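Before any comments, here is the structure.
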Amino acid sequence: MSDTTTLTIEALFQRVESIFLRAGLNAVQSGALARVITAGERDACKSHGIYRIEGALRTVKAAKVKPDAIPEVAEDDGTAIVKVNAMGGFANPAFELGLPALAERAKRLGLAALVINDCTHFSALWPEVEGLTSNGLAGLVMCPSYSTVAPTGGTKPLLGTNPFAFGWPRKDTSPYVFDFATSVAARGEIELHRRARKSLPEGWAVDADGNPTTDPEAALAGAMLPFGGHKGSAIGTMIELLAGIMIGDLTSPEVLDYLGTTTLAPFHGELIVAFSPEAFAKGRPGDPFQRAEVLFEAIIGQGARLPSGRRFAARAKSESEGITLTAAEMAGLDRLLEKGLDAVS
């Protein structure tokens, strides 16, 4: 008997979507969640793949997210801001709903922003970024989380892991994309270390007393650290301001107060900013996309690689060969499909 199973991307999507439908989520929520989770597995981004299903279901079971939510786009007020209310559901369907209006407005005005309010967000941000680059737009995406990161010089959780992503469209090749937490590592990475009973690298976290630790359990009970010391701390604070306070949504401390735990997916807002390179470069010499390629080629020419290169390579492999899951992963999917919300506590 094989220890692995290989599925097509579509087959995995259907299986994941069925799990969410079985758990009582409507088609709008289930489809969007299944797309982003399948994309994570497709790109070998395991910390944002099927691993995330249980957390999403726990959040539904705890009644902290509405499984039947239908997101709504606010009436066009003539500004560059598109607003979508997730209506207490997940962020992913809200983004899918708002993307066409965001892209149209950014191309017409040169710059536009999508504000998503009242949403639960558990996924990576590169799917949003790639939604922009596929429309020929550059983009910035950010959101808070819940308090799990100590500010530089502090010892207690205050900031969120506060992910931040950027994308630049490229012709006839994969876009330039980076997506990272403003903590040293994503919280999901610490969870994966805990599950694998592996020690953390030094400098990732402190324990509940503020002492450095490499124990994942102690780290989860303590605080993570920002990347780059005071620089990461400042960027994390900026995200609290822009994607929390400025858009009238929750900051990471407020999210933690609302949830009362870090075991559920966080409830907050999300900010997506789209730029038209042609509009910004209009009237200036040179094509912005060609000039960008000169920069990218210079980076590669030094033996460096562009961010997300491994993810895009994994995507190409999955598209040609399928997605391979272990026996344990397949059993986990079967259990979730059979039991629905009863599979999580």
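Each residue, glycine too, has its Cβ placed from N, Cα and C.
Taken from Swiss-Prot, the feature active site, charge relay system applies to SER47 (among others). In the three-state DSSP scheme, SER47 (active site, charge relay system) falls into the helix class.
Per Swiss-Prot, active site, proton donor is recorded for HIS48. Sequence-distant contacts (6 or more apart, same chain, Cβ under 8 Å) of HIS48 (active site, proton donor) comprise VAL36, ILE37, GLY40, SER123, ALA124, GLY188.
Positions annotated as active site, charge relay system by Swiss-Prot, on the basis of similarity to another entry: GLU189 (among others). GLU189 (active site, charge relay system) has a Cβ environment of 20 other Cβ atoms inside 10 Å. DSSP assigns GLU189 (active site, charge relay system) to a helical segment in the three-state reduction.
The substrate binding site annotation in Swiss-Prot covers ARG52, THR161, ARG187, GLY188. Around THR161 (substrate binding site), taking its Cβ as the centre, 29 other Cβ atoms fall within 10 Å, counting all chains.
Same-chain residues at least 6 positions away in sequence with a Cβ under 8 Å from that of LYS231 (NADP(+) binding site) are not found in this chain. What Swiss-Prot records for 121-125, 179-181, 230-231, 305-311 is NADP(+) binding site.
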Proximal residue to ARG310 (NADP(+) binding site) among recorded positions SER47, ARG52, THR161, ARG187, GLU189 (C-alpha distance) = SER47
Remark   = Cβ contacts within 10 Å for GLY188 (substrate binding site), all chains included, total 20
Task = Could you say which of the binding-site residues ARG52, HIS121, ARG310 has its Cβ with the most other Cβ atoms inside 10 Å?
result = HIS121
Inquiry  = Quick check for the class: what is the C-alpha distance, in angstrom and rounded, between GLU189 (active site, charge relay system) and PHE180 (NADP(+) binding site)?
reply    = 12
Query = Which whole number of Å gives the largest C-alpha distance between any two of ARG52, THR161, ARG187, GLY188, the residues noted as binding substrate?
reply = 16
